[in-house]
Structure formats: structure tokens, C-alpha cells
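Reviewing the structure listed below.
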Amino acid sequence: MEARKRLRWTVIWCFILMWWSLGLTDGSEQKPIRQSVKKPNIIFILTDDQDLHMDSLSYMPFLKEHVADHGTSLQRHYCTVALCCPSRVSMWTGKAAHNTNVTDLHPPWGGYPKFVRQGFNGAYLPVWLQDAGYNTYYVGKLLNAQSTSNYDNPHAAGWTGSDFLLDPYTYEYYNATFQRNHDSPISYQGRYSTDVMAEKALGFLDDALEVDRPFFLTIAPTAPHSNVHIKDDTAEQSMARPAKRHEHLFEDAKVPRTPNFNPDRPGGASWILTLPLQNQSNLDYNDEWYRNRLRALQAVDEMIDSVVNRLEKAGMLENSYLFFSTDNGYSIGQHRRQPGKQCAFEEDVNIPLIVRGPGIPKGYRTEIVTSHIDLAPTFLSLAGVSEAEMTKYELDGSVIPLHVLDSMPSEQPWPQEHVNVEMWGIIMSEGRYGYILYPNHTYKALRVIGTGYDLLYTVWCSNEHELYDMTKDRWQMDNIYDAGSRPFNIAMPTAGLSNQSPHASSFTSTGQVLSIANISTTISRLVARLDALLLVLKTCKKDECRFPWSALHPAGGVRSLREALDSRFDEFYRTRPKVQYERCERGYLPASEGAMWDDGMSFRAMEHEVWTGP
Ligand SMILES: *[C@@H]1O[C@H](CO)[C@@H](O)[C@H](O)[C@H]1NC(C)=O
Ligand SMILES: *[C@@H]1O[C@H](CO)[C@@H](O)[C@H](O)[C@H]1NC(C)=O
Ligand SMILES: *[C@@H]1O[C@H](CO)[C@@H](O)[C@H](O)[C@H]1NC(C)=O
Ligand SMILES: *[C@@H]1O[C@H](CO)[C@@H](O)[C@H](O)[C@H]1NC(C)=O
Ligand SMILES: *[C@@H]1O[C@H](CO)[C@@H](O)[C@H](O)[C@H]1NC(C)=O
């Protein structure tokens, strides 16, 4: 397995080197040697609660012009927890939430104090980037519960320069509190938070450009999150607030009326199944909520324009990577939900990731499956840290092969077809009609996307299950979990494995290509595979998270759901322990989460079932 991985990376590196050498020999584009050998800068713009599925990107023309048109949009990028703080901690540490145990916004389950207590303040991305020779800068919201009373106890580590938004004023668009380096917090009452942030970001950019060192700069505005005013321990949530100059834009915009928007019958599981149809007053209010999100994003879009112009003026645009993403997705009205996040539905978990930079395909869209835990390893790789050096950071994610997305050799496809989404605790929706808190919002979910299949499988702490076949039911309206004996067929792709289509790996550990045939099975056989995959992923660490099928089949031969569906494995999967909960808990208490994966449960361990390959 090691040898195969090395081979894959050798091939990918060859492509990167080829790309560079092509660039260098293209006369007019030639850059001074110093610049081309210098490590690249990385600028990461991270919004808060932005959707991919309600069209918000269409309202950001500068993002399109400067980043998307010059770079690649990763259409199947996912967060691994659809809630700000846990999602960010997983992103900054490159670890699944079950390995960070930062699972909520506030202690004891989450928040900045929990991040510190878990030992991550000395062991997360900015510290590692500094070790790789980078100057690191941060403006905006880092983590929830980093506040005016605990920001210096201790200070967030790893930043050459920082200017953090602090609770309880993080989401006050017109009364933000920022805290710079080791200075005291400063209140910006009356000023528009994103505009203040843009000034600060350009300031850090100037600092960074003055020094002869590569830099990493994150700009993390609160838009388009709701405005939150905290007083005497009560949080008053209202619509996102735009800058004055954007207040009257998009008067006609409405949440897209997709088939799953306020549908005639309820869907999902647990509390979602009990939601009433929304009436006209509710719909009107939520549409205004939506418009204010779009308006609040305008100042972010303008900031992107200023940052790119500044880089261009300094002659540094070509040696810089720009990443645009958000912490988690957002939902308004789909499945009758009030504004909010935290579910495993596509609106909440499938989020924007757009990247431009040297050697990255321009104006390109890719369908490879990636997640937020892949970002730390990807940034480290751009900073020149090798995968061997990265092993000491115990990352659960993979390096995204950004430079070869449009030329991935079909015999060496991206192996990842799964995303594990986790959640613990209580769900809180927003807006005038969304104040109800639902407890027991604890679940484990699995997205699997490969050639001929596109699935969401969820197990709730109530032991309810959901299964959606998104090749036929894109809007996740028809839970087919209970239709056990119904046939489930996967057709062979008609034009072979295309670079553009989602593809699972299709060859054995010895490099032998398996024939890809149509598969006829049943939903219960499919569920047995998905459940076993989830059993591995709910406790996985490092390689197990990247190659879960190899944990199930350590002797090789199975690298994808398609291969695992072979009827020779029916008995093996039928008899695996199932994912189930003993109880609903507020956080990650393993004793309440049923069977845990161990190597003894793998296929190799079943002597009477040794399979010798096709
Ligand atoms: C604005 O924030 C400051 C603290 O930074 C606080 O003292 C003040 O009361 C806030 N103003 C309003 C109107 O909430
Ligand atoms: C609409 O629904 C909300 C929430 O259920 C309710 O409070 C309100 O009274 C309803 N309005 C009308 C006009 O029916
Ligand atoms: C696989 O299924 C597709 C779609 O149902 C069909 O067109 C094709 O002929 C099948 N191929 C084989 C080899 O059975
Ligand atoms: C939440 O889960 C707990 C423990 O599993 C159970 O006792 C309780 O009745 C559930 N509450 C609701 C509202 O479903
Ligand atoms: C996660 O944190 C909670 C709250 O501190 C704690 O009770 C629980 O035991 C922790 N879980 C693990 C697996 O360490």
C-alpha cells in the first residue's frame, strides 16, 4: 500500500513539475527565477454560514471575476460538521470531530476554551506553517467563545499578526470588537464590521508583502451569518446587516423554490418530520432574511476585489494562491426548516471551495469529493511540507491534488468517494419563526459519491435511519431506508471513467484494473456496506479516514462501494456490527455510541472467507 501511494504521488508530482516547466518556457510569461522558486503565498477568505445551494455565489461578481474565472471550483466540497466552531477546529487541525472532541460552540463541549484544553493551541495549522517558514496573519472570527474575557488566557498561538473578532460582539455587524496581536480589545461601535476588516486585511497584506518571506493570510468575516446581540446572557438573533450602501439591493431576490422547499409533505427524520408547512408570512420573512444575507456578502465581495488589486499592484498575484470557502452551509425553508444549519442535508454540508493560483486549472469545475479536513494538509503541501513530514501532525484528511484536477490520469484517480459528517447536541434555528430548540440532534452521516451512485446515509441517536439515492432523488425527499428488498442497481458508466464525472477508484492494490460491470443488488445489501463503512469512519484515525475500504479489506481488492458490493462479500457485510446509539448525548460519549470498529472485524480476520480476487 505504501508503494502504491508513493507511486501515485510520484505521478502527481510529475504533472506538477511538467506544468511548471511548461509555464517557464512560455516566453512572454517568464518570471524572474527568484520569484518562481519562492514558496507561494496563500490567502484564505473564509465566510460564515454561506450556502452553495441557494445561489449566493451568483451575487458575488468580484469572486467570480478574480477567483472562479481564474481558478477551479470544487463542486463537491463538504464540511465534516455543519456548525461553525467544530467545523473550524476540524479544518484548522485536519482532524475529524471525533478526534478533536470539539463538537459544539461553548464549553464543556466546544468553543475556544475547549480547543485550548484539547491541546490544539500549539498543534494546528498556523503553528505548522510557521515551522515551514511562513509568516501567518489572521483577521476576523477564529472560533466561537473566544471572548473579551478569555482572549489572553492564553492568546491564540501561531500568528505573526492577528486581529480577532471577539465574543460577545462577534456577530454585531455595527458594533464589532477586534483584538489585535497582544493589545487590548477595541470596540468599533457604529462602523461596519466587514469594512473595518477589509482595512485590517489590507494592512496585514502590506506588512506581509514588505518582508521577504512567504505568508499565509486568513480573512474571516462574519457575513452572511445572522446578526447576534448578546445581552445579559440572552442572544437576540436578527437578520444579517448589510453596509448602508447595499441596503436596498436585490429587492426581488427570493430563496430558490427547489422541489424540497417548503414541500407538501414533511421529510427527513426525527424533529424534521414534525415540521409544519410554512405560511405566507413565514415565507415572506424568510425571503427578507435571505436578501439580507446576499446584501451582507457585498462588502465581502468588494474586499476580495481590494485584496486582489493590492496583490496585483505588488506583482505578487501570480505567486499567490487564493482560497475561498465558508465554515458550513445554510438552509432556509428546505424540508420546511427555518433558517439554520447543522443537518446532513446537502444545503448544510456541500459548501463553496474555489481556488486560484499558480498551475491551477482556470475556469474549471471538478467533481472530486473533498472535505474541510483536507484543507490543512493541502495548505501544508503548498507550503512545501511533504506527506512524510506531515505524518507527525496525525492528519485525517488528504492533500487535494489541485494542480492535476483537469488532467487526472484515469488509471490514477482520486481515491476519495466518501465524506463522514458528524453532529452532537442541540439544533438551534434562526429568525422570528425559528426560535425552537430541538435536543437529540445527534447523528452520524455518510455521503458516498462514485461512478453511478450518489448517496446520503444517516443514523440518528434515536436509531432512526435515512437513505437517499441522489442519482434519482437529488432533493433528498424520498427516504428509501425501509425498502430493504427493493432492487438497487448501479449502471456501468457509458463513456468509461471521465475526468469530469465523479469516479471511484477501480483497480486493485496490485494496480490491476477491475472490470466495471453493472451491479444489481438490493437496498438492504447496500445498507450493509454503508453501515460498515460508517462503523469505520465514526472512529477512524489518519489512514483509516482516507482509505476506509482498506480497513474493511486489509488484504486489498476493495477500494470503493462498487467493489464492496460484490456478492461474494454479502455474508461478511450482513454479519458486521451495526452503527447504533444507546442514548442521545450532548457530546461525544463513546459509551453511548454502540459498537466501535476494530481490526478484528475486518475481512482478513474471517479466515473462512478469504477471497483471492477476481
Ligand atoms: C458596543 O460594544 C461595546 C463593547 O465593545 C459595549 O460596551 C457597548 O455597550 C456596545 N454598544 C451597543 C449599542 O451595544
Ligand atoms: C404563520 O405561521 C406562524 C408560525 O407557525 C404563526 O405564528 C402565524 O400566526 C401564522 N400567520 C398566519 C397569518 O397564519
Ligand atoms: C448496463 O446498464 C445500462 C443501463 O441500464 C445498459 O444500457 C447497459 O447495456 C448495461 N450494460 C451491461 C454490460 O449489462
Ligand atoms: C432525547 O433522548 C433522550 C435519551 O436518548 C430521551 O430520554 C428523550 O426522551 C429524548 N427527547 C426527545 C425530545 O426526543
Ligand atoms: C469529549 O468531551 C466531553 C466533555 O468534556 C467529555 O465528557 C467526553 O468524555 C469527551 N470524549 C472523549 C472521547 O474524550
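Cβ coordinates come from backbone N, Cα and C, glycine included.
Annotated features, as they stand in TrEMBL:
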- 1-25: signal peptide (SIGNAL)
- 40-385: domain 'Sulfatase N-terminal' (DOMAIN)
- C84: 3-oxoalanine (Cys) (MOD_RES)
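For C84 (3-oxoalanine (Cys)), applying a Cβ distance below 8 Å and a minimum sequence separation of six or more within one chain yields D48, D49, L105, N144, D327, N328. DSSP assigns C84 (3-oxoalanine (Cys)) to a helix.
Mean model confidence of the domain 'Sulfatase N-terminal' (40-385) amounts to 97 (pLDDT, 0 to 100 scale).
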